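Taken straight from TrEMBL:
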type	residues	note
TRANSMEM	12-37	transmembrane segment
TRANSMEM	57-81	transmembrane segment
TRANSMEM	93-110	transmembrane segment
TRANSMEM	116-135	transmembrane segment
TRANSMEM	147-168	transmembrane segment
TRANSMEM	180-201	transmembrane segment
Amino acid sequence: MRDRKPFHLKKTLIVYNTCQVLMSFYLVYCGTVFVLSGEYNLLCAPVDYTDGPTANWVAAAAWWFYIAKLTELLDTIFFVLRKKDNQISTLHIYHHTIMPIITWIGVKYIPGGQATLTAILNSFVHIIMYGYYLVSGLGPQYRKYLWWKRHLTILQLIQFVIIAIHNVYPLLTDCNYPKWFNLISVINAIAFVYMFGNFYYHSYICIK
């Protein structure tokens, strides 16, 4: 593989990134509908373990979110095939290792509830992120439309700051939601803030 020329996957990546954008749109839609239904409490949202239609619908959406995390593992495969080894960073490896694990735990045992906001924010950011990948994969002539790469990193940072704060509150109150999962979410969000902050610093500040 080391001596093989990089694969040209332009059409494959266009289809892949388009599908990721559409999947993320769907997940944002599902989460937003649930939040606007009035059955979601932003500060403390216990999981609905009943067999009601809303609970089943939320659980199904949570599983689709997990499926999305699994399909994102293709990012690494595409990097390898295209010999973009520089993009397989510590941040990338951590992200694509920890997210499927945490998401599986969440959807298996506590689908929905407090974690709904996390799924909405993450899916929204992925609309922007895979939209960026989609445009960048169309060819060099479209690079002039990618001036907002720096802002995408800022959006990632904002996402994880919000997630950390959102999961701290239930730890300090009598919220009927597993505190161990809130703690995992807070620690994971802080780790992402550190890594994305480090990436931002070395990519946009340190180089000046």
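Even glycines carry a Cβ here, placed using N, Cα and C.
Using a Cβ-Cβ cut-off under 8 Å and counting only residues 6 or more beyond its ends in the same chain, the transmembrane segment (116-135) has close neighbours at 13-14, 17-18, 20-21, 24-25, 27-28, 31-32, 34-35, 40, 42, 45, 58, 61-62, 65, 68, 142, 145-146, 148-149, 152, 155-156, 159, 162-163, 166-167, 185. Long-range Cβ contacts of the transmembrane segment (93-110) within its own chain (Cβ-Cβ under 8 Å, at least 6 residues beyond either end) map to 47, 59, 62-63, 65-66, 69-70, 72-73, 75-76, 177-178, 181, 184-185, 188, 191-192, 195.
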